[in-house]
Amino acid sequence: MEPNNHHDGLNGQKADNPLEVAIVGGGLTGLALALGLLRRNVNFTIYERAASFGELGVGIHFTPNAERAMKALDPRILQSYVDVATHAEGGFLSFVDGLHDDDLLFQLRMGEGYKAARRCDIVSQLVKHIPQERVQLLKWLQSVEEDAEGRAVLTFRDGSTAKADVVVGCDGIRSQVRSAMFGSGPSAPRAQYAHQLAFRGLVPMAKVAATLGPEKTSRAIGYLGPGGFVLSVPLAGINMMHLEVFVMDPLPWSDDTTGSKPDKDKDEDDVKRYVLPSTRAEAEKAFTEFNPTVRSLISLLPEELGKWAIFDMLDSPAPSYALGRMCLAGDAAHASTPNQGGGAGAGMEDSLVLAEILAALADRAKSGARVGSWEISEGLKIYSDARYERAQWLVQSSRRVAQLFTRKKGAGQGGEEEEPISREILERSHQLWDYDVDAAVEEALGKLRAKVLEKH
């Protein structure tokens, strides 16, 4: 869908209207929302706590629904991804028997084909399109309060403050905006350990070809088996294979910072909480019963590597994605496991719905009509209502997909089990991919018009 006649914001100059949006967090969701607002001529400032833009993690891929949302937000977002992505041979993500003989179980073909890229490469492309004056780095949010006029006042750890009409938390699984909305106590919504961990690394294509043959370097493959699975995705642009080794873990996540330091100190090294030092031997230990292909792939990982805890918000979800002048998008709203490949794409859908609602409110403000606390609050509630059911479904579904990938019976041990597993995964995949985000936007805008824009 095309944005609603807001193409005059592409030059990056501040729009001549009173609505100001604070985007807290400059990851993929925050940058995509920023470009969507820029295209729709809505004022915004990104407040990023780091000294530069970056993304945790290595590889990423976007499903067809996400690509449609990216194009509708701003075609440059989708193009930024396409420009740095590698297309898998045949356009398929193939799933094979990782326990026995590499037999093909099923394939998923997504839209124009499966492709993947490095997160940092996409971020680097997106940042090129955002004017520097719209960005504030080293801004670590401390609190959000209201001033006497009802506007939001953001206070940062360096003592500086900023005012905004809308605050959007795109600040990830440990969202400070979410804490400002719902608190940070034991009963507050938060990301929790999903009892899944991952070992991740990049392996030179030449090593993969020498060990397993050149045919393994051009295909995206998932090796499935009891208790774990391995994904190998080619990144041809850098001649590397991205390996992700996932292990289901019934134990609590033990990290060396939780409960041992004040919150401020814990926050200042998030990576220590979610990524612990580990070894290739630990990863190999979890896959001793898998076939030689899987064991050989894992043997190509570096001797020392990180062990990533996978967190999601299934067990402690946010009751809403909006409260007053604040709202959440992406992982801050609905962090999910990576098993269905839909988490980042859900952030793109969030950004599109939110950008269209904020553009409609900004147009109202430019016309001289009132856009105060009530109008903004109602608009953000409509955004939350538009996104909540689908995003929470994804969190649950992604957990379920991991259960299917790591079924206790090995693949090839009975056709009765294999068919429903592949069928359910395909059904869940199409529920993710076939979503009509344009219709969701139109429905949300219709509610906004009926409740806010045409009432006053």
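Using the three backbone atoms N, Cα and C, a Cβ is placed for every residue, glycine included.
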Next item on the list: Quick one: sort out which of 18-38, 354-374 is the transmembrane segment according to Swiss-Prot.
Entry: 18-38
Checklist line | Entry from the recorded positions list Glu48, Arg119, Arg200, Asp331, Ala344 having the most other CB atoms no farther than 10 A | finding: Asp331
Item checked: Euclidean distance between Cα atoms of Ala344 (FAD binding site) and Arg200 (active site), Å -> 18
Checklist line | Max pairwise CA distance, angstrom, over record-listed FAD binders Glu48, Arg119, Asp331, Ala344 | finding: 18
